[in-house]
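Enquirer: I'd like to ask you about the structure that follows.
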Amino acid sequence: MGTPLPREWLGLQQFPAATQTKLFELLGKLKQENANTLTIVVMGKGGVGKSSTINSLIGEQVVRVTAFQSEGLRPVMVSRSWAGFTLNVIDTPGLVEAGYVNHQALELIKGFLLNKTIDVLLYVDRLDVYRVDNLDKQIIRAITNSFGKEIWRKSLLVLTHAQLCPPDGLNYDVFSSKRSEGVLKAIRMGARIRKMDLEDSVIPVVLVENTGRCNKNDIDEKILPNGEAWVPNLVKAITGVATNKSRAIVVSKKLLDGSDANDKGKLWIPVILGVQWLVLKWIQGAIKKDIATGSGPL
Ligand SMILES: Nc1nc2c(ncn2[C@@H]2O[C@H](COP(=O)(O)OP(=O)(O)OP(=O)(O)O)[C@@H](O)[C@H]2O)c(=O)[nH]1
Ligand SMILES: [Mg+2]
């Protein structure tokens, strides 16, 4: 049995006209670049707004949103098609359980993603949180160990709950860039991305506000406190990452088995064989010389 055809992306039509125009333009560009399918995986801690962001992006209530910790532990994929273009979005369970990295959830995600190609990772956290701690780094490390460091070249940081009033009279943009920098630093540390690698691995940040109470501009687009319409921003950043010069992540068994580390060892095999061959040749040469000069043991 083949894969069922994805449903028509009806949610596109519920966006205000201005947003629709921008989205059609961006999706059209993707199609022009021969990207007929786009697979996005959404990961992050529990309750940060992963599922809500997916619903906002698709424009339909496609995945369940819960105020309390969700009991559903399985990843789900939602597919929608538009003019021959297919969008796949994979929602995943939260990566934290009782203050620790939820390895069980991670194993389920790995199993679900096996043999899939990830075009974009949305790493979701909240904007209205002020601290970044060790657990954040541990989650990032767990994702990196599972899918390889390269996944961060295909990632985007999404900060939810973006409709906020910064504390202490701080300016909104100053506050949000401080929070973004904090999470990005945790990503760099957790993923062990070296300073010298930084330039070509800039992770874009997008702020989103998923509640129905989000403010709107006069053309009905949902806006952030700084006036930016965030849905087109999100789609633009996604298409940017999808078409950047890094390759999409093919989740093979080899990648998941952590063959990365093993491969590093394998690189030395030809070198060691070469050195062995040279030593052997040298010994052979020395023996021949000994025989020729007759200076061998009596
Ligand atoms: N104010 C506000 N609330 C949000 C936003 N995003 C999500 N929420 C709320 O936060 C709660 C959790 O949202 P979910 O989308 O279920 O979060 P999740 O990351 O999918 O959670 P798990 O699947 O349990 O890991 C729900 O009550 C949402 O309504 C946001 O941008 N702003
Ligand atoms: Mg969820």
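Every residue number used here counts from 1 along the chain in the order it is shown.
Heads up, the Cβ atoms here are built off N, Cα and C, so glycines get one too.
All annotation found in TrEMBL is predicted automatically rather than curated by experts.
This is the feature table in TrEMBL:
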- 35-259: domain 'AIG1-type G' (DOMAIN)
- Gly47, Val48, Gly49, Lys50, Ser51, Ser52, His161, Glu209, Asn210: GTP binding site (BINDING)
- Ser51, Gln69: Mg(2+) binding site (BINDING)
Enquirer: I'd like to know which of the binding-site residues Gly47, Gly49 has the most other Cβ atoms within 10 Å of its Cβ.
Expert: Gly49
Enquirer: Any idea of the Cα spread of the GTP site, Gly47, Val48, Gly49, Lys50, Ser51, Ser52, His161, Glu209, Asn210, as a max distance in Å?
Expert: 14
Enquirer: Can you count the other CB atoms that lie within 10 A of the CB of His161 (GTP binding site)?
Expert: 18
Enquirer: Can you list which of the binding-site residues Ser51, His161, Asn210 have their Cβ under 6 Å from some atom of ligand 2?
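Expert: Result: Ser51.
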Enquirer: Restricting attention to the domain 'AIG1-type G' (35-259), give the mean pLDDT.
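Expert: Mean per-residue confidence for the domain 'AIG1-type G' (35-259): 92 out of 100.
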Enquirer: Please state whether DSSP places Asn210 (GTP binding site) in a helix, a strand or coil.
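Expert: Note: Asn210 (GTP binding site) is coil by DSSP, not helix or strand.
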